[in-house]
Amino acid sequence: MLQWRRRHCCFAKMTWNAKRSLFRTHLIGVLSLVFLFAMFLFFNHHDWLPGRAGFKENPVTYTFRGFRSTKSETNHSSLRNIWKETVPQTLRPQTATNSNNTDLSPQGVTGLENTLSANGSIYNEKGTGHPNSYHFKYIINEPEKCQEKSPFLILLIAAEPGQIEARRAIRQTWGNESLAPGIQITRIFLLGLSIKLNGYLQRAILEESRQYHDIIQQEYLDTYYNLTIKTLMGMNWVATYCPHIPYVMKTDSDMFVNTEYLINKLLKPDLPPRHNYFTGYLMRGYAPNRNKDSKWYMPPDLYPSERYPVFCSGTGYVFSGDLAEKIFKVSLGIRRLHLEDVYVGICLAKLRIDPVPPPNEFVFNHWRVSYSSCKYSHLITSHQFQPSELIKYWNHLQQNKHNACANAAKEKAGRYRHRKLH
């Protein structure tokens with residue numbers, strides 16, 4: 001008994017061989033647990049990376065949309081090839097084609113061929129009807145908007161019915177149709193029906209329309225889940241009533257848009273209009289968000305593929321007028337998804353049109369950029385503005401636009417002198 005106590009009661013008094021033996025035993029146990037855990041991950045990989053199947057060579061980081069590959073630029077060409085695959089002709093139902101003989105069937109886009117038979121009840125719940133049809137009637141329309149003048153740029157602005165103050169602020173600022181001398185701009189607010197079924201609000205919208213003639217409205221419910229319908233309404237309106245428009249911008253009612261910079265630095269009226277042109281803040285390498293609690297949740301039965309094609313943030317993108325008809329027509333053969341910007345990207349992938357990057361990555365911003373007249377004189381979009389803020393900063397920019405960066409340089413020099421003195 002005394003011998004056992006001398007050998008085992010205290011680790012500090014153990015011999016070197018005993019310590020080494022005990023350490024080896026513990027190490028083997030830990031390595032065994034690590035091996036078992038690794039095998040568990042191997043056989044249950046889908047449970048640890050939602051929305052992604054199989055092993056991934058690239059690390060992933062979580063974003064607001066879902067998972068994004070940190071090496072997506074490297075894999076962009078291969079991803080584009082995946083989205084350009086087609087299925088054998090014998091598997092396709094009768095399909096429609098546009099004037100360019102582009103196949104408009106969803107089977108032409110990898111990832112959508114299996115979604116046509118998915119349950120469409122989610123669309124009925126959102127008041128949209130069949131997920132592939134477009135049958136909404138105009139409540140308010142402006143069919144002669146482009147007959148009175150030949151605009152260079154149409155601003156399609158997604159707005160909620162109750163955002164009267166936001167529409168008023170936009171008319172006074174970046175949506176002013178007389179903003180650019182010698183350049184015709186047309187402003188159109190895109191509205192659905194208020195979910196509150198407010199008769200007073202609808203009468204106010206009708207009066208607003210009679211006064212400004214810049215609202216189109218159709219009979220779908222105006223909700224976040226119907227933003228895709230709202231954008232398609234705008235595309236169809238442009239294709240129907242302004243088919244020869246050089247450029248279109250789709251943006252939102254809470255955005256700051258430097259319209260002059262957009263026209264003069266990006267679109268350049270002195271040059272011939274581009275075709276099949278689409279640009280904005282490029283979103284590359286994004287995978288569907290499979291978190292059911294997320295605003296951007298994408299059910300696997302609606303979109304089974306592992307990754308979205310390249311798309312532009314819906315907060316603001318610009319495209320050539322010829323794409324309005326092409327995007328709308330191709331959408332008739334592609335199952336509708338509630339993520340509007342992703343859906344437009346899918347339509348572009350089906351058309352074999354790649355969004356192009358803007359002149360620099362700082363001109364389109366889907367977040368709020370801290371204000372300075374210098375920064376805002378060299379960007380196109382900034383996000384999350386209240387109507388009063390929009391008017392305040394717009395007026396300040398207009399007052400300082402000819403020397404927007406001069407004050408910034410003076411302030412920087414002053415700070416440098418202050419640091420040098422202290």
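Keep in mind that glycine also has a Cβ here, set from the backbone N, Cα and C atoms.
The topological domain 'Cytoplasmic' annotation in Swiss-Prot covers 1-24.
The feature transmembrane segment is assigned by Swiss-Prot to 25-45, with sequence analysis given as support.
Residues annotated as topological domain 'Lumenal' in Swiss-Prot, with sequence analysis given as evidence: 46-422.
Look at Swiss-Prot and you will find N75 (among others) tagged as N-linked glycosylation site.
Residues annotated as region 'Disordered' in Swiss-Prot: 90-110.
Summarising the annotation, Swiss-Prot assigns N-linked glycosylation site to N100 (among others).
Per Swiss-Prot, the feature N-linked glycosylation site maps to N119 (among others).
Residues or ranges marked as N-linked glycosylation site by Swiss-Prot on the basis of sequence analysis: N176 (among others). Around the Cβ of N176 (N-linked glycosylation site), the same chain contributes I185, R187, T259, each under 8 angstroms and 6 or more positions distant in sequence.
Swiss-Prot lists N226 (among others) with the feature N-linked glycosylation site.
Annotation note: N176 (N-linked glycosylation site) sits in a coil segment as assigned by DSSP. The Cβ of N226 (N-linked glycosylation site) has 24 neighbouring Cβ atoms from other residues within 10 Å, across all protein chains displayed.
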